[in-house]
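Features reported for this protein in TrEMBL:
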- 78-140: domain 'Amino acid permease N-terminal' (DOMAIN)
- 163-666: domain 'Amino acid permease/ SLC12A' (DOMAIN)
- 164-184: transmembrane segment (TRANSMEM)
- 190-220: transmembrane segment (TRANSMEM)
- 241-262: transmembrane segment (TRANSMEM)
- 282-303: transmembrane segment (TRANSMEM)
- 310-332: transmembrane segment (TRANSMEM)
- 361-383: transmembrane segment (TRANSMEM)
- 395-419: transmembrane segment (TRANSMEM)
- 473-496: transmembrane segment (TRANSMEM)
- 529-549: transmembrane segment (TRANSMEM)
- 555-572: transmembrane segment (TRANSMEM)
- 584-602: transmembrane segment (TRANSMEM)
- 608-625: transmembrane segment (TRANSMEM)
- 675-1080: domain 'SLC12A transporter C-terminal' (DOMAIN)
């Protein structure tokens, strides 16, 4: 075991005690402290805890010095702790290192950073992170003085029985069980009726399995189905489902309450005690009921849960009452209504289907399925569960199992005891010996043949109160109906606000944030409760629930479909973070569940399904358009990576072809916002077309540059994305610019998406800069050609670099923010009635306001305000943004002097097909001879025609070979004068010494050797001045300097002379390989 720090006997001056203790010096330990292995499981989070040796360490006098050394005279530092029997900054694994900031289940603790462990400890070790609000002991446990969090203890949390099982069973055991199941058995028969129940259960079981997998793949917070879907598929689908699912639950409150109110009004009608009329009484009873339910929920989750338990007991008694009634011998009255106890004849007759009134298997299934849509009742209050990861899967799956068995048992029992039709008349008995129509009732002594010709009021097909008739005590069934409706209404009244609160807190829909505020120890969503109450009352008063009911059912099914799809998508994306503890799932089964849910949506009601899909898509598009700033590590993100990776790998198998050539560029922008013109011009021919990489070389001391680079990576990439710059950001740390660019040229790109063109700005300050920097700049151009890159150099007369303006504006903004923060804090101080400007409260408010202001500003675009920069360099500022604007009608003058493979003509062509440049015409200038101008013009026109490149004009320059004017040549001589060696006017020895001292200077021999090429650059500038001063932009072939032959200063003098006093100039040179072809 390697040790970070050694221990010595405290107070003993052993051999070498006075020697310095560093990483190369080991001090022996006379008696190492005892080590006790950690227990196999420790604490409630199951993390083994190592014994702490602080007392022993303090007694021995061992500790860690600020310079990283253990010394007997040092006082003990809480950050140098004993782990595995010796002092170290390292921490053992524990759960608090992995918590999110603001976690409710515990305090987040920061582990030592890599720098804390890797760098030499030259700073105070006390600053090493590792404890929050307390001292961390040897195994990283935060010591809070033994005082548990009072707020945490006060929170009301439920286990899997009360929190999930009870709620799910109450929601699944709805009114359907008591008043519609008998009709379903009558229509579909026992056989198909059981199939209907099982098919519904298949959908809910598959959804439950998918939900269990998602729930056990990490900590589940409040929000139920919304939380599960949004954290899996992202805010787009999560936001849309969260909104419609919470609305569906709010309307479901009205549906269940109306069901309860109708039952109450029926009882009032039987006893002739109606208050007004049936419809008005339903509204009155419904509104009163919702007010009572709201009072229970606002009182707290504890009261709501107690009410649910009471309602469950009543419901269970009602179900038991039915089963007991089936074995109590039937009376004559009950027989006349079709109840004969368990009879084989009745079972046989009712086993097959008998669809009537246009009903079919699918219509019966559509009526029954909503009874199975209560499986999310427990998940909807996930924020109020003690352990959602355990409670939701266990409670939900057990609830599905129990309720499915109950529905099947009731269906079989009721189908085996009650005939389909009965008159209810005790006089319809017949003798056993009398011949009859062969029905089960006939065989049992009753003649119900009259039901074939006239409407009967009893039997499975005609009487919705069959269960009440069969039961041992009828009023208990009525109580069960009350319990089922009220429990479902209560669960929906709790679910809707909880889901809506979670949605609002995530601020996906900006206008809804108001409803996210919570109150009390349990963070109750009072505002959302009130909103749900208003929606429920509105729909109770409208009383058009039959129309909206199919849409609500489809809202629930859409949620189930997306839960299944979330599980499938997370599995299919193969993200390493997908590690559900629930192993009994399969992604293809989840996909089948998605298909089944969608199919059921259309089976129940096709137009409601279309409306549901349309609403989900609309909300999805809305969220995509608004791009909420959230990052939940969704499977959609993982899938994007997988898709990109697979595409990149498949691209490696595609051979390059000239027809598919694209200029894929490395752009030496530095920080992306410091040279906007260079980036904008490059994006003009690469955006949505080819690769563009903004490159940044950090130069200086390695430690500082690497730190700066690591901090800037995400920020600059986010800036590019936020400003819709379709480019990547890449950075390297190097000793100088040339070394950094070398790394970029060699290592940038991925597979076939590898840069082939270097875009660089012209070095405008070459005359005042360090000669070594000029050497490095020209060396970069040579390196680009060595690596067979095309080269593009942009020159704007005002310059490209606006970093100085950005720094000035940033300073102005900072001072303005400090001023605003001070004024705001002063106003707050005056409101508080305290004038002491140095009060702690004042300072806290100042810091808080300043931080918030900066936080908001950081999120804004790094755009330069023209007003702030006007005093410094308005022309530079305007020039830096010129390529962001429409170029209008003008010309792009292309001086294609040397064949480089076609890059010089391809780049301007790509500009002309862009919206901002489409009104500009190409003008082509080529060199030629005075006696063959027409032939060369026709040849170039033919070549461009074969390339399908249109141009407005072709001009042949016949006098390009002529010498420049004396004035122009004199200007060039004055330009290079400070950089000439003039060895010809000195003796050889002196000249040799000067050459060694200034190897970068231009020699007379060099100037003479390349005199013709120098003449050409000076002459070209004259021709450019003459022909292209009015062009929007000039593209000219870049001259190439031979390595080791042309000095750096002579080469930059050529570029200076070629491009000075002109509109924006792009100097281009391809890598001498074809990028154009005229073959199909």
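Here, residue 1 is simply the first one shown, and the rest follow in order.
In case you wondered, yes, glycine gets a Cβ from its N, Cα and C as well.
Annotations in TrEMBL come from automatic prediction, not curation.
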Quiz item: Quick one: do the transmembrane segment (190-220) and the transmembrane segment (555-572) reach 3+ CB pairs under 8 Å, ignoring pairs fewer than 6 apart in sequence?
Solution: yes
Quiz item: Under a Cβ pair cut-off of under 8 Å, which of the recorded stretches 361-383, 555-572, 608-625 contacts the transmembrane segment (395-419) most often?
Solution: 361-383
Self-check item: Tertiary contacts of the transmembrane segment (282-303), as residues 6+ beyond its ends and Cβ separation under 8 Å
Solution: 156, 158, 253-254, 257-258, 260-262, 264-265, 275-276, 381, 384, 486, 489-490, 493-494, 497, 520, 522, 524, 526, 529, 533, 536-537, 540-541, 543
Self-check item: Intrachain residues whose Cβ lies under 8 Å of the transmembrane segment (241-262), provided they are six or more past its termini
Solution: 174-175, 223-226, 229-230, 281-283, 285-286, 289-290, 293, 380, 481-482, 485-486, 488-489, 492-493, 495-497, 499-500, 502-503, 508-509, 531-532, 535-540, 543, 545, 548-549, 552, 555-556, 558-559, 562, 612, 615-616, 619
Quiz item: If we call contact 3 or more Cβ pairs under 8 Å (sequence gap 6 or more), are the transmembrane segment (361-383) and the transmembrane segment (608-625) touching?
Solution: no
Self-check item: Positions whose Cβ lies under 8 angstroms from the transmembrane segment (584-602), at least six residues beyond its ends
Solution: 202-203, 206-207, 209-210, 212-213, 365-366, 369, 554, 557-558, 560-562, 564-565, 567-568, 571-572, 608-609, 612
Quiz item: So which of 164-184, 473-496, 555-572, 608-625 is most in touch with the transmembrane segment (310-332), counting Cβ pairs under 8 Å?
Solution: 473-496
Exercise. May I ask for the residues of the chain that lie six or more residues beyond the transmembrane segment (164-184) and have a Cβ under 8 Å from a Cβ within it?
Key: 158, 193, 196, 256, 259, 305, 308-309, 311-312, 315, 318-319, 364, 367-368, 370-375, 377-379, 381, 385, 391-392, 394-396, 398-400, 402-403, 406-407, 410-411, 414, 418, 460-461, 463-468, 477, 480-481, 483-485, 487-488, 491
Quiz item: Looking only at residues six or more beyond either end of the transmembrane segment (608-625), which have a C-beta under 8 A from one in the stretch?
Solution: 235-237, 239-241, 243-244, 508, 550-551, 553-555, 557-558, 598, 601-602
Quiz item: Residues of the same chain, at least six outside the transmembrane segment (555-572), with any C-beta under 8 angstroms of its C-beta?
Solution: 203-204, 206-207, 209-211, 213-214, 217, 225, 228-229, 232-233, 237, 241, 244-245, 247-248, 370, 373, 375-376, 578, 585, 587-588, 590-591, 593-594, 597-598, 600-601, 604, 612-613, 616, 635-636, 638-639
Quiz item: So what's the average pLDDT for the domain 'SLC12A transporter C-terminal' (675-1080)?
Solution: 85
